[in-house]
Amino acid sequence: MLKSYRAVLVSLSLLLVFVLSGCSNATPIDAHSTGIWDHYFVYPISFMIQFVAHHIPGASFGIAIIIMTLVIRSAMIPLAVSQYRSQAKMKKMQPELQKLKQKYGDVSKDLEKQKQYQKEMSELMKSGGWNPLAGCWPLLIQMPIFSALYYAISRTEEIRTSTFLWVNLGHADPYHILPIIAALTTFIQMKVFQSNSTSGEQVQMLKMQQIMMPAMILFMGFAAPSGLVLYWITGNLFTMMQTIVLRKIMEREELQLQKA
């Protein structure tokens, strides 16, 4: 269930790029921009990127986007911990959920049976301390950041016209190298995050997501500004390392509890 929420939110984030690319506001963004969205969301992102690029020796706007991504993701670590704990609780509950599913069988044709099944499943999740929305908060928070970053890049002349490596940050990668890297890191990141899922039904669903999500990233990356694709890549790499570290910490905590 958690994976379904994540898949929907990731899909919405990617769809956001497609929609934004067709309705981008060309008005330059600066400290005098008005409106809640421009002044409190887009401009702060633009300011952060410009500040890093201008004040850190050797930094470019590409490096500034990478640093800004790392800062944002680091600030979201507490939410990631909550997300991982939620995933661990869901894994522990799988045997009980499977028993419940076997008890009721196919409930699609019996409304009363379906209601009872949903009620018992909700009670089981509540007793296990699992909240399906806990794992979605990092994605929910990233969506406005994602949108603000798009506008910060496209509406800040200095960022939009700057280059990093072989790409112009305000335009799509002409060689499609960054979108391919973004798709590959998305695939690997999903494999790492989902490697402790055990149920057969989940495995089939996750295999489908592991194909669909990177494919969507690749498709959107062909049209997205290179600065935004750079944000995806950096975020994926950070999430991979974060998941590996958190998994080790959680496993150590579980071993200590078993020994106590």
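Every residue, even glycine, has its Cβ placed from backbone N, Cα and C.
Annotated features, as they stand in Swiss-Prot:
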- Cys23: S-diacylglycerol cysteine (LIPID)
- Cys23: N-palmitoyl cysteine (LIPID)
- 1-22: signal peptide (SIGNAL)
- 29-49: transmembrane segment (TRANSMEM)
- 52-72: transmembrane segment (TRANSMEM)
- 133-153: transmembrane segment (TRANSMEM)
- 164-184: transmembrane segment (TRANSMEM)
- 213-233: transmembrane segment (TRANSMEM)
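Long-range neighbours of the transmembrane segment (29-49) within the same chain, counting only residues 6 or more positions beyond its ends whose Cβ lies under 8 Å from a Cβ of the stretch, are 61, 64-65, 68, 71, 144-145, 147-149, 151-152, 155-156, 159. Residues 45, 145, 149, 158-159, 162-165, 169, 227, 230-231, 234-235, 238 of the same chain lie 6 or more positions beyond the ends of the transmembrane segment (52-72) yet place their CB under 8 Å from a CB of it.
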